[in-house]
């Protein structure tokens, strides 16, 4: 396994700073029992009155469901550890656990569902909208592109291979529209949008601001539908998140350009602006630009952090569905933060160099990681080949900065 060899490499074993209680998202008493019912929320609450008799020799933590252990493990430095023993179980749960409730997630331009499991874990389901080999048409603006379920799956594995570990775990899943959505939904608005197509397939379209109409309906074969299942982060009531507007946000206008596209010295201005004027926030943003360039994602207008950790923490790389839309074109403007600031973390640069060598070729590592997903092949081959080409362009951009 090339992937196992990669994770054994010294560059993937750089120790983290010591994680103290103040660096943990949740500080728990290992003997504290938790009740999984709470009023109005599907999240967990502490319950000192829980009448649970624990098996001999087990702490309360041992009895937590995997998703709760994942939440409890989040800290200032990482969303999950490099060698996370929970990961195989968590991905397996997303792919196979019984779905007891499906409701539409409010907001957003496209249809997404929140699925709940019997152990109160939840996942965000993004349904398949186009086939693997369809490329985004050249005349499409990035903001009118479809969100792709397979891009969400591939982004999680790519983020892990780059050792960022800032995307919550995602698995592919084949869902039965009739039994796992229509028959169990309590969402009246969603329920009204189901119909049988002329071809005899079960379809639905939900309610949203862009692609929710009969013309954009999601149809099964006859009721089987592919989608991505992403682990939900802790409820915002328990772990507040802050949303930040990206300084390199696009204009989201058909003809206007953003300031960074017009000013070659734009980075100097960013470096003077908090929180980019100290700490590693700017370097984290450049990490995110590298990830986005590799997958061709132009739709990164905001990013989030956990409020508890202030400015000294990682960025969450959420919403990656507009990646992997084109393999024949490389959108160099995504790399603007790297090119304009001429800065990159040394650790990121060394890992990118490693992923360009024969034993650790990026495309082969991602192909191996995706082979274990229930929906394999997740990406069409040209997308995997494009990764190696784009990695070469990132290294060339760093090379030009070093020369300058």
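Every residue number used here counts from 1 along the chain in the order it is shown.
Cβ coordinates come from backbone N, Cα and C, glycine included.
Whatever TrEMBL says is automated annotation, not expert-curated.
Just so it is clear, the model here is predicted, and its values are computed rather than measured.
Taken from TrEMBL, the feature active site applies to 299.
The ATP binding site annotation in TrEMBL covers 110, 126, 147, 230, 231, 232, 233, 304, 319.
According to TrEMBL, the feature Mn(2+) binding site maps to 147, 319. Around the Cβ of residue 147 (ATP binding site), a 10 Å sphere holds 25 further Cβ atoms from the protein chains shown.
Per TrEMBL, domain 'FAM20 C-terminal' is recorded for 194-402.
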Least Cβ-crowded entry, counting other Cβ within 10 Å, from the binding-site residues listed as 110, 231: 110
Fewest Cβ neighbours within 10 Å, where candidates are the recorded positions 299, 319: 299
Integer average pLDDT (0 to 100) for the domain 'FAM20 C-terminal' (194-402): 95
Euclidean distance between Cα atoms of residue 319 (ATP binding site) and residue 299 (active site), Å: 9
